[in-house]
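J.: Dropping a structure here in structure tokens format, bear with me for questions.
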């Protein structure tokens, strides 16, 4: 059977404007021209919303109420629950319950999401090595099985005692802040017995299993992503991106479920909350088994996949290399990495200020996270419903500038004790949901336009992996810078003018990097039609492809090593791991440095 001819989005002659050779001008002209074609298409096919004359592959757009669509939505619902819970446990369980320091908390946050930096490899696995003739469903089942085993093991092993025992519940918040900073002199001898000083070093078992569980659901997510690309390429350009917007809206909406669970059921005294009851950490991990089972059921009985042949690995790699050489690929990868590296540049005190200065209770933190997920879901839905043809550059720029203005105002008045209120402080966190949703869905739109038949998993994995990798690499870098400032728990507990200036410097650096992320918007094509144009006419460059591959592996290795170093006392003092560079001494023995 002959391979189907490749379908382009608009006529070849319209892609070569004679009046300008400037890249920005060409992008703008092709974007405007494609918009006109979309409008004309809409008029011509008003009676057929599933007209697929300009789709990238045959088959027609998927009905969102079909069996296949519901099965896919079930996968992303389960991903949303697990992905919402594991990072959501950071504040009540690790910062409050175990009293993690800022760099330890940053490392946990990275480790439970670092697995997403390996999406490209698992995408390649699902593309090249079908199991029983199927490329996607077996890997979904395998991934959810790994996640299920991980959460069950975490549920069965008793969790350590909290850093501050329930006997100290109700004490003055200033005293509690000093105790969390390591100053036990404010407590009597009897009260000191309620302190589990080893708590910050007793969570590694659950951290490592959380990381393994994250790898499990990521494997399932990668396989589902590849199927989404296949379905999305069957949509005409006027509505292409609708399926992606739907599944990611579901994912973020379902992430609100564990956040509500954490907010209301992990708000007892041991979590520094206001309730007189709470759910144990082990029970929370046990609850996570339910979405794993649900996703496995959806995979077995709802998702439809045709059998496929195993590709020749050498031919697959050659095809992938040819794709990497294309300007559209390395330019978008460069934008995704550089822009998100700068935008993700934060500071370690972001995770400490809510606890020590703003006095944010776990329930408030969780409610804020719920609202954040809701707004992100709404942002993605709006993009899919009304903004499929918005200019990506303008949307990202406006959202980013708005976020920085709001966040800076809240952070600085909290730092200088103008207003220290948990509700006022958490409002600033909501602003991040808008650009986060836009940035996230744009990467998916780009991947659909770039991918070819047969490499959907690795292409979607690479485009999204680049941005996922930028976050841990950025985290490792800002932890290194923050290690030269006085930003420890004990420093913030003192709340001196010197410490406030140190915090101010850290945030000024952070905001400077975030604003600089806008400098790379020129690398991003303004819309889907411009991506297709760049894919066809942008040329190829082997040196750029080599730079992408080398940079990827260097950043991945650096991120993994430095963030694992922060978890262990023997290496956590080094600046590259986020420590202050000073030797750590316990019992007259130097354990680090």
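Every residue, even glycine, has its Cβ placed from backbone N, Cα and C.
Unlike curated records, TrEMBL annotations are generated automatically.
Relevant sequence annotations retrieved from TrEMBL are reproduced here:
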- 73-94: transmembrane segment (TRANSMEM)
- 106-126: transmembrane segment (TRANSMEM)
- 138-156: transmembrane segment (TRANSMEM)
- 205-229: transmembrane segment (TRANSMEM)
- 250-271: transmembrane segment (TRANSMEM)
- 283-304: transmembrane segment (TRANSMEM)
- 363-384: transmembrane segment (TRANSMEM)
- 396-418: transmembrane segment (TRANSMEM)
- 430-451: transmembrane segment (TRANSMEM)
- 458-481: transmembrane segment (TRANSMEM)
- 501-524: transmembrane segment (TRANSMEM)
- 545-568: transmembrane segment (TRANSMEM)
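Surface or core, plus neighbours and distances: that's what I need for these features.
T.: Packing against the transmembrane segment (73-94) from elsewhere in the chain are residues 100, 104-105, 108-109, 112-113, 140, 144, 147, 203, 210, 213-214, 217, 220-221, 224, 246-248, 250-259, 261-262, 266-267, 271, 273, 281, 284, 288, 291-292, 294-295, 297-299, 302-303, 351, 354-355, 362, 365-366, 369, 373: each is 6 or more residues past its ends and has a CB under 8 Å from a CB in it.
Below 8 angstroms of C-beta separation, residues 67-68, 70-72, 74-75, 77-79, 81-82, 85, 89, 136-137, 140-141, 144-145, 147-148, 151-152, 154-155, 206, 213, 217, 220, 227, 258, 261-262, 265-266 of the same chain, each at least six residues beyond the ends of the transmembrane segment (283-304), sit close to that stretch.
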J.: In the same chain, who gets a Cβ under 8 Å from the transmembrane segment (205-229) while lying at least 6 residues past its ends?
T.: 72, 75-76, 78-79, 82-83, 86, 89, 108, 111-116, 118-119, 122-123, 126-127, 135-137, 139-151, 153-154, 157, 159, 243-244, 247, 281, 285, 288, 292, 295, 299, 303, 305, 447-448, 451, 456-457, 459-461, 464, 567
J.: Which residues, given as numbers and ranges, are at least 6 beyond the ends of the transmembrane segment (250-271) yet have a Cβ under 8 Å from it?
T.: 73, 76-85, 88-89, 92-93, 96-97, 162, 164-166, 169-170, 277-279, 281, 284, 287-288, 361-367, 369-370, 373-374, 376-377, 380, 437
J.: Which sequence positions outside the transmembrane segment (501-524), separated from its termini by at least 6 residues, show Cβ-Cβ distances below 8 Å to it?
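T.: Distant contacts of the transmembrane segment (501-524): 24, 331-332, 334-335, 338-343, 345-349, 353, 392-393, 396-397, 400-401, 404, 407-408, 411-412, 415-416, 442, 478, 481-482, 485-487, 491-492.
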J.: Does the transmembrane segment (458-481) come near the transmembrane segment (106-126), with 3+ Cβ pairs under 8 Å (pairs 6 or more apart)?
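T.: Contact criterion met.
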